[in-house]
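Annotated features in Swiss-Prot:
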ACT_SITE  142  active site, proton acceptor
BINDING   96, 124, 125  S-methyl-5'-thioadenosine binding site
DOMAIN    1-219  domain 'PABS'
């Protein structure tokens, strides 16, 4: 399937095997299966290649100048490169439990220089988030163990910890698979913790959904205002925000003029 593929043995026996593939100018990271977890365009590393990663950045409609972003799940560093390029003033922390993923990302996926604005932490993200109290503007969760979404990242306790970690206008964003038989139960837990302030933004392909939960109700909910914001952001970030708004309207509860959050 892939003209180039290399296998990297896991540093921890219980963790999935890390593999790298290349097809044309696209380098991808896999965890124990053919499923692509992260991809990088070798000609344009900051570009978000996978549609689910693009959808997850839809939170920028409500906060286009986050000061602090917590990533749970480093993968191939797609968000880290994007943030470094388009949000250079944001402090970004990427947490991953798998040391081999971190090593491979550093070696093969052109991560930003680690320093004041970017840090990688080897830790369990479900534990690490507990150190934050109202201080992070966005939490991006993309946790996959090679077979399914990591259970520890779908519990009400985890969602409560994330809610406490968020700043007043903070947004929790997670990547889930709509075909997972547990999907609706995940949504119900999130709705319960965030008191209904949850929306779904389907990715363009493959059944992934960027699910967003808000610490407090955002002021920007009018469709007309959202479309205006989308037009402003498309040129700045190179993402299809207008299409995001269309998909939000197709998927979520609404009135004639407003998205209900």
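Glycine is treated like the rest: Cβ placed from N, Cα and C.
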Among 96, 124, 125, 142 [recorded positions], residue with fewest other Cβ within 10 Å: 124
Residue 124 (S-methyl-5'-thioadenosine binding site) - helix vs strand vs coil (DSSP): coil
Longest CA-CA distance among 96, 124, 125, per record bound to S-methyl-5'-thioadenosine, angstrom: 7
Length of the line joining the Cα atoms of residue 96 (S-methyl-5'-thioadenosine binding site) and the residue listed as 'active site, proton acceptor', in Å: 10
For the S-methyl-5'-thioadenosine site built from 96, 124, 125, further residues of that chain with CB within 8 A of the site's CB center: 72, 73, 95, 97, 121, 122, 123, 126, 127, 128, 143
Rounded inter-Cα distance in Å - residue 125 (S-methyl-5'-thioadenosine binding site), the residue listed as 'active site, proton acceptor': 10
Helix, strand or coil at residue 96 (S-methyl-5'-thioadenosine binding site) [DSSP, three-state]: strand
For residue 142 (active site, proton acceptor): DSSP state (helix, strand, coil): coil
